[in-house]
Amino acid sequence: MFEHKELVEGTWPWAYQALCFSCGYFAYDQQDMLQYRLYSGFIPSILIHHLVLLICFTLALYRRITINYLILTLICELHSVFLHVRKLRRMAGVRDAESRVVKVEWILNWIMFVFTRLVSHILITGKLIKDASKFEKGIEWPLAMLGMAGMNLLNAFLGIDLFNAFKKEKKPQQNNPKRHE
């Protein structure tokens, strides 16, 4: 299942369709964020993230190659569920860092971040490096490595942002003079 030929030339059942759907989702999300300015920062990492995905996914879909590799990279999107849960929780006004809901959400957020964004991407990058000589001459391997390098860098920035958000959420509770337990 994880042999080079299967990952590069093969397509698991429903993998092509799943990648098409994901590509469409990322394109819509990118357009929505640009249209309504739903991003922040001088260089918004979420827009770069979607751009890298759209370039890699579109080329792979067009050439019908490395579909399975890209399906593996989608594992990191499982963490996005918890980023959305955090956003919804905050929009609902649940912000007490000492509440059980917030603590559980942060624990799950960090577990998913480590396993889906760090561990899985390290393993995929390692597999690409190990199998470098098995790729035919062309754009597939350099594009795959460039895409993974970009995604790994963006994941590092996301980790920093997540850590800063965690510290910020904890800080008001520590400075609250009414709380002397």
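Residue numbering: from 1, along the chain as shown.
For all residues, glycine too, the Cβ spot is worked out from N, Cα and C.
A TrEMBL annotation is a machine prediction, not a hand-curated record.
Owing to the predicted nature of the structure, the values given are computational and were not obtained by experimental measurement.
Annotated features, as they stand in TrEMBL:
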DOMAIN    1-180  domain 'TLC'
TRANSMEM  12-28  transmembrane segment
TRANSMEM  40-61  transmembrane segment
TRANSMEM  67-85  transmembrane segment
TRANSMEM  106-129  transmembrane segment
TRANSMEM  141-163  transmembrane segment
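Remote same-chain residues near the transmembrane segment (67-85) are listed as 6-8, 10-12, 15-16, 18-19, 22, 56-57, 60-61, 105, 108-109, 112-113, 116-117, 120-121, 124, 128, 144, 147-148, 151, 155 (criterion: CB distance under 8 Å, separation of at least six residues from the stretch ends).
Per-residue confidence over the domain 'TLC' (1-180) averages out at a pLDDT of 92.
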